[in-house]
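A.B. asks: Taken from Swiss-Prot, the feature NADP(+) binding site covers 22-46. Summarising the annotation, Swiss-Prot assigns substrate binding site to SER155 and lists similarity to another entry as the type of evidence. As annotated by Swiss-Prot, active site, proton acceptor applies to TYR168, with the evidence given as sequence analysis.
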Amino acid sequence: MANLRESSRDKSRWSLEGMTALVTGGSKGIGEAVVEELAMLGARVHTCARDETQLQESLREWQAKGFQVTTSVCDVSSRDQREKLMETVSSLFQGKLNILVNNAGTCITKPTIDYTSEDFSFLMSTNLESSFHLSQLAHPLLKSSGLGSIVLISSVASVVHVNVGSIYGATKGAMNQLARNLACEWASDSIKVNSVCPGFISTPLASNYFRNEEFKKEVENIIPTGRVGEANEVSSLVAYLCLPAASYVTGQTICVDGGFSVNGFTFKSLPLR
């Protein structure tokens, strides 16, 4: 009997059964993979996106798979829409939320001297301000759940230079520090906060870059694993950080990049043995 109880406890450490989650930007790419990963582990998930048509297409696929997913349209760069989103989530989940994944984000690639004030404001509001404000709004719901977890989807561009734009890298670097601050401030409320930094991942956002075969080959050559990552290789880490099994992991910035961020210069022709 004791063994059965221990086995049951072990299984619950690796399950999200009965938990609730909000994932922003969940209709494609990493966000879509995160929605599916959390739902497969038993969570009830609400997700949002700007494109209603794409959101409904994804919803039909999730329903066909038997996932417990609901959706709403939201542009996270809008403060009013963020507040409306959290009201929806609070109503759906009876004022309690276990998981918040701040995934929605965007990138404008330009030389620094070509950025406009509008570019700066848009990137800041979409990437950083939305993560900050949604975390603020979600705090009472996460606290009420008794077991809360926030994951901020940052970028490898937050920890090393990647020439995709200085403002983008700055927003993501600030997200990492936000995660550290909230992890310490909200630990007493039983809320964990971590940031995940994807490297080059095969997503709709990156597809425009990878159409350039020369660029793609250059990227693959600098990644130790020799390939671009897949969205589900990011979502698996996100899901782990939300599990009871990861209860002691908080305030961390974790790269999912095939070793890109730690790679120096590899001498291809130099024999190592």
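The backbone N, Cα and C atoms fix where each Cβ goes, glycine too.
On a predicted model such as this, the values are computed, not experimentally measured, just so you know.
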A.B. asks: In which DSSP state, out of helix, strand and coil, do we find LEU38 (NADP(+) binding site)?
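C.D. replies: DSSP call for LEU38 (NADP(+) binding site): helix.
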A.B. asks: Within its own chain, what residues at least 6 apart in sequence put their Cβ under 8 Å from the Cβ of LEU22 (NADP(+) binding site), listed in sequence order?
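C.D. replies: VAL45, HIS46, THR47, CYS48, LEU85, VAL89, LEU97, ILE99, LEU100, VAL101, LEU134, ALA138 - these are the non-local Cβ neighbours of LEU22 (NADP(+) binding site), listed in sequence order.
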A.B. asks: Roughly how many Å separate the Cα of GLY42 (NADP(+) binding site) from that of the residue listed as 'active site, proton acceptor', to the nearest whole number?
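C.D. replies: Spelling it out, the Cα of GLY42 (NADP(+) binding site) and the Cα of the residue listed as 'active site, proton acceptor' are 34 Å apart.
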A.B. asks: Compare the C-alpha of the residue listed as 'active site, proton acceptor' with the C-alpha of each of the binding-site residues GLY26, VAL34, LEU38, SER155, and give the closest one.
C.D. replies: SER155
A.B. asks: Neighbour count first, Cβ atoms within 10 Å, every protein chain included; then name which of GLY26, GLY42 tops the list of binding-site residues.
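C.D. replies: Most Cβ neighbours within 10 Å: GLY26.
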A.B. asks: Please identify, from the binding-site residues ILE30, HIS46, SER155, the residue with the sparsest Cβ neighbourhood, meaning fewest other Cβ atoms within 10 angstroms.
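C.D. replies: The binding-site residues ILE30, HIS46, SER155 were compared, and HIS46 has the fewest Cβ atoms within 10 Å.
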